[in-house]
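If you look up Swiss-Prot, you'll see 378 marked as active site, nucleophile, on the strength of sequence analysis. The UTP binding site annotation in Swiss-Prot covers 13, 186, 187, 188, 189, 190, 191, 222, and the record cites sequence analysis as its basis. The CTP binding site annotation in Swiss-Prot covers 13, 146, 147, 148, 186, 187, 188, 189, 190, 191, 222. As annotated by Swiss-Prot, ATP binding site applies to 14, 15, 16, 17, 18, 19, 71. The annotation Mg(2+) binding site is assigned in Swiss-Prot to 71, 139 on the grounds of sequence analysis. The L-glutamine binding site feature in Swiss-Prot is assigned to 351, 379, 380, 381, 382, 402, 469. The domain 'Glutamine amidotransferase type-1' annotation in Swiss-Prot covers 290-541. For 1-265, the entry in Swiss-Prot reads region 'Amidoligase domain'.
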């Protein structure tokens, strides 16, 4: 029997419902329960796949190829469960599926309404996503009081009626602000938020109160009195430097035990020793390395959320504080590579569109020519190949057909644009990896023996997640290999380039997939760990050169 924990948010958005849900999931998992998490998004887009990163932040790709909310990345980083397309759905998806059923005649000519048809579809999707787990944590996106969230709130209200309070539990996350002018903590916003929730039939069982500092006992008692929540169930969650402290903070306040008590679950004590080790390693670094992330969405750091977390994870596993310098690739186009001179390593992440591309190419060239560790992910690998083709293979104006459809040397292109020497356009059968459509999800990669990639992974075959349309052009790759480009990873059928490196460079690696999606704080990821180690080595080498005595003779 699956128990359901519904997490809602009030007062303001961006309080950290995703992190709180994931942290509670980590606690319950440490208590011996199998856990899954779902995110319900109230926007009408079917999924975030076509949304601007500035609007939505990162699109997280699941193993089964779904484009989902970035909160699913938090879920996978905190718990051991692997998320699927069933773990995230939107209002748009719900309505699309209901309309499809109506067109098919499933409702036998009935009038389709929000209640019961939309709410029934929401409940069915929640049950489907929760199937097989002891506990399903269901995060409802948006803020209580928003009109967009009402169908989701009505659906979970109905689930409490249908399943009872031994199988369902409501947690409400609110803001308790500190008003500096008055010198007081204000509980009124939380009181009103709970009042709004109760007005639609939901009484929270537990409150998690977000604040700058820990709530004094008097304020917790006041909140309990006016919200009809027992005082032990009013949890204080103050700001912390690292999100990986939160499972420990919530465990120490008894949240996991409180949940198990209310849901009548017999569970063991939560063993969070691995989280303690993560936090201790993050708080006590022995080294510092500066990494430039050269991208086009750098004004919103959530656009690269999994990437920044993967770098932090690598720092945890190398006892290193990783300082991330986000650099707009258009700024490099305007001001040159001077912006890169103070960094120890350069990373160019994925992206779409031509804006800022030449700046990324300049960054790859700067790293290659100056022996600076370079990590190119997805588009970052493709622009490294473009730069190499132009400079080392004398392919003038080489490019991707995404940016220049008329380029004489399409080193990156849709598979349907590849043309063999005989003038025949490459054709793919149904079921093949199609370059003309988005290639999504986990796919196997075979690594070259004696390559850096093979040494980093420690195995000859890996599965990594993809999100791209364009591929490296096999018809031109042979010329690049003659000039020193190493193809260190290929698809299992040998037709698609998955990884590249340079043999004559200290650390220059590109991958077509997104390794950041599978990095976790407890395990890290071999490519990111190798990258940070290379950055540290480059930093030490630079210091040694600067410290060496001058060779010039003086009178």
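Using N, Cα and C of the backbone, Cβ positions are placed for all residues, glycine too.
Taking the C-alpha atom of residue 186 (UTP binding site) as reference, the shortest distance to any of the binding-site residues 14, 15, 147 belongs to 15. Put simply, residue 469 (L-glutamine binding site) is 32 Å from residue 16 (ATP binding site) when counted between their Cα atoms. The CA atom of residue 147 (CTP binding site) is located 19 Å away from the CA atom of residue 17 (ATP binding site). Cβ packing within 10 Å was compared across the binding-site residues 187, 190, 191, and the lowest neighbour count falls to 191. All chains included, 23 other C-beta atoms sit within 10 angstroms of the C-beta of residue 351 (L-glutamine binding site). Only 139, of the binding-site residues 139, 188, 190, 222, 380, 381, have a C-alpha within 10 angstroms of the C-alpha of residue 18 (ATP binding site).
Around residue 19 (ATP binding site), the same-chain residues six or more apart in sequence whose CB sits under 8 Å from its CB are 74, 243, 246, listed in sequence order. When secondary structure is read from DSSP and collapsed to three states, residue 139 (Mg(2+) binding site) falls in the strand class. Within the model, the region 'Amidoligase domain' (1-265) shows a mean pLDDT value of 95, rounded to a whole number.
DSSP assigns residue 191 (UTP binding site) to a helical segment in the three-state reduction. Less than 8 angstroms from the CB of residue 402 (L-glutamine binding site) sit 352, 353, 354, 412, 469, 470, each of them six or more residues away in the same chain. If you take the C-beta of residue 379 (L-glutamine binding site) and look for same-chain residues 6 or more apart in sequence within under 8 angstroms, you find 348, 349, 350, 351, 352, 360, 468. Residue 382 (L-glutamine binding site): 32 other CB atoms within 10 A of its CB, across all protein chains.
The L-glutamine site is defined by 351, 379, 380, 381, 382, 402, 469, and by the 8 Å test on Cβ atoms against their centroid, the other residues of the chain that qualify are 350, 352, 378, 383, 400, 412, 468, 470. Straight-line distance linking the Cα atoms of residue 14 (ATP binding site) and residue 188 (UTP binding site), rounded to a whole number, equals 19 Å.
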